[in-house]
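A.B. asks: Dropping the structure in here first, questions after.
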């Protein structure tokens, strides 16, 4: 998991305050937001896309001479300014093919050759749509490169001409202009806002109609995703307001690529703070978003989980909107999903519900999800265990005594204590805080809790943590031992000793505590 030390420190400090506000308990993904996305290689998730080489009717015999010889950049450059339209088109096609045919197209060589102004000039040629198309394609591929290469296209004043081409009567020219603008917008918030300021949104959204070919609509949706990306700064509020109605239409689409992109767009918007979350809620899309958590396509589930997960980082009221859509009924399947990253995101979602009010905590309990969270705490990969630790600790702060008592009855303490020996000091502190909260809430039953902690090896781990280099951790460890373990030795209850297995792990009997202990916090 990507770390943000400043934020984590702030979060940890807040964590120690029993009455801390929900804003500090709820956790945004920060750098982690890209983790699932980066592991995907699906084209629809890329910020920029190169248009691949395709032999088509566009590639007529006019470029036969160029195919027959190894054309130099100098020749391309010279012929691209020819007065002979056939020669000029062949040269621009040759440039486009250089940019389309190779895994590492010679973008910098072409930029250095001085061809950019020539290609941009070709965009003006309304009398020759084939030339406009080829030039737009070449510029699209240049803009698909590095940020510096994209900036070279922007600085050549291509953007106003691409916007003009959105009104071309030739659909292939329109579509190529859309693709080029998508690459430029995908470069970052500065380019995004520049293209928005020139008026891209209205003509772009006008393409969303029943007659548009599916490939064109996929491109339009991908550009909408890029308009919604980036939150430093987020897109202008007016732009979000313009885009949301389109997303509310596209979320019904049966094409998987369009659906996935639509949901990712919503996830980016909900990652932009509570005001943008509210705009998404007000659009009415949430009831249509939640059922996608059980979509048969993992790509759709992943995007939907991120989008609803971002919404529940908002206020209790915003969280309740999602809960009111029966969202928790989807979580047994998500928590037992074969993909670990889905498990992790699902537990992250639930950690933000257990950071809510007591009714929201109860909803998680009533949905039967606590045992599944505890299973992930014990058996999940480390990233998932970390999220589960937050979910449990948040519950010890937000929950009522009976809710925390239920947590203990589900045998949360042994797997919780196991995390005290990990190297991640953030996790260690979250667990210590959770244990301390449980002990405090147990009141007269604290000795029973202390006994469970000792029997599962937790006390030994806490004793070691008194030597921890982190001041907050060693102080907390000392406080717990001083307040709850400094008296007479607790009589050992043999029924609580875990059975050792091969490999040095332990099998904890989940019924042992219930048989031998009565919890009345």
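Glycine is no exception: its Cβ is also placed from the backbone N, Cα and C atoms.
Source: prediction; values computed, not measured.
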A.B. asks: From the set 60, 100, 130, 336, which residue is assigned the annotation phosphoserine by Swiss-Prot?
C.D. replies: 60
A.B. asks: Of the ranges 33-42, 43-52, 63-72, which one does Swiss-Prot list as motif 'Nuclear localization signal'?
C.D. replies: 43-52
A.B. asks: Quickly, which of 56, 398 does Swiss-Prot have down as phosphoserine? Just give the residue.
C.D. replies: 56
A.B. asks: Choose the correct range: of 1-29, 233-261, which one does Swiss-Prot annotate as region 'Disordered'? Give that range.
C.D. replies: 1-29
A.B. asks: Quick test of the contact rule: Cβ under 8 Å, at least six residues beyond the ends. What residues does that give for the repeat 'ARM 6' (279-318)?
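C.D. replies: Same-chain contacts beyond the ends: 22, 26-29, 33, 36, 40, 42, 237, 240-241, 244-245, 247-248, 251-252, 256, 259-260, 263-264, 266-267, 269-271, 325-327, 330, 333-334, 337, 339, 341-342, 345-346, 348-349, 352-353, 356-357, 360.
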A.B. asks: Below 8 Å Cβ to Cβ and six or more residues apart, same chain only. Which residues does that give for residue 484 (phosphotyrosine)?
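C.D. replies: Non-local contacts for residue 484 (phosphotyrosine): 439, 446, 447, 449, 450.
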A.B. asks: Mean pLDDT for the repeat 'ARM 7' (319-360), rounded to an integer?
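C.D. replies: The answer is 98, the mean pLDDT of the model over that range.
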